[in-house]
Amino acid sequence: MHDFKYKNNNLYCEKVRVWDLAEKFGTPLYVYSYQTLISHFFKLKQAFEPVNPLICFSVKANFNLAILKALVDKGAGLDIVSGGELFRALKAGCSPKKIVYASVGKTNYEIEEAIKSGILFFNVESFSELENIQHIAKRLKSRVNVALRINPDVEPKTHKYITTGKLTNKFGIDFITAKEIILLARVFSHIKIAGLHIHIGSQITIPEPFVAAISKLVRFAGELKEEGINLEYLNIGGGLGIIYDQEKPQTARKFADKVLPLLKKTGLKIIMEPGRFIAGNAGILVTKVLYIKNTPKKKFVIVDAGMNDLIRPALYEAYHKIVPLSSQVRKFLPTGRQEASSQEKADVVGPICESGDFFAKDRVLPKVKEGDYLAVMGAGAYGFSMSSNYNSRRRAEEVMVVKDKVVVIRRRESYEDIVRNETIPPFLFGL
Ligand SMILES: *Cc1c(COP(=O)(O)O)cnc(C)c1O
């Protein structure tokens, strides 16, 4: 569910006409619905009420400070994967006691900063990392909590690039090694193994992989208990899938129905790390049709947003719905009773010098003309956060709609912004 709907043949975000936003702020433009963002957070929170979990929004899905602050204000914690994300989390006013930190490659500097700021725990991904954290914690004279990230070796049935819980993936620690580590870690003076963590992949639309992984995790926690090791936290990660196309993902409620019984019997404090589920359908990317180009084989709709703005189609062959903003075009939307000629098959492509720069291929679209605006739907997660300056393109403006109000939450970069950290050494000037 989301708050992007047609009224009088115009796409609205909450109570604001998106076309007006495109005219006012220019394109490419990211538009977020505050209401949609928040309601997804509460859907999960309510579904899991019986275990009262700490829901740590995954910062990498959408790192904008306003997005983070909006969620933090509603009680969310944050799941971070770098020192930069720690900086953002703190800047957004998140209590360090609600920050969890995963990553296979945390540097000494990042570990030190995280310890000093007093985060809830590290999700540790290898024995070497654990030793390193022990070493740094000892030097800083602090005792730190960690959760071991377990690789439960389950198949999440999602794109191979967003699968993270199989033994061929770089993430986490297998059960046998984890047990050895935990028994060994008793000698680590400055570390407390406080929990277990999993995150098996992203855009997972069925509950079975979660149930399989969590069952294994719960069994393992039970085994540890028999060894006299009492944990405090069970972090079940993120990965809940959303609707981009025809998916029928589990709802928060259905997901909860399946996993709550498993979680409840552990008696442990539950942590979740949803990213896409909360932000994915809360944002769209608005773009303008620059040119229509017919070739002997194809029709290309060339738009002013590119793979630097939204890389998911290029990187994961991800599907995003593309819809027109304006009424003239909207009239021709496929409702089943339209003339065939009002639709056409086209590739929607960006201006970047790469053949991978596309948003849709051979997509049946209502006929659009140059100057029309299109919305790429479901762009709220892994959209802006994966954007770049490739081709020296300025990163897009981001605005947030709250009912009938609009606020800029990131202004469009300037050309000066994109060269800000560069210098031409004097010798190149012959000095
Ligand atoms: C990316 C990530 C998440 C969020 O994944 P979603 O599929 O967006 O829910 C959660 N936890 C960890 C450790 C991650 O790396």
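Yeah, the Cβs are placed from backbone N, Cα and C, and that goes for glycine too.
Pyridoxal 5'-phosphate binding, as stated in TrEMBL, involves E273, P274, G275, R276, Y382; the candidate among G222, G228, G239, G430 given for that site is G239. When each of the binding-site residues E273, E354 is scored by how many other Cβ atoms sit within 10 Å of its Cβ, E354 comes out lowest. Secondary structure from DSSP puts C353 (active site, proton donor) in coil. Within 8 Å of the centroid defined by the CB atoms of G239, E273, P274, G275, R276, Y382, the record's pyridoxal 5'-phosphate site, lie the Cβ atoms of S58, A61, S202, G238, L240, F277, I278, A279, G280, A381, excluding the listed residues themselves.
The Cβ of K60 (N6-(pyridoxal phosphate)lysine) has V81, E85, G275, Y382, S385 as same-chain neighbours under 8 Å, each 6 or more residues away in sequence.
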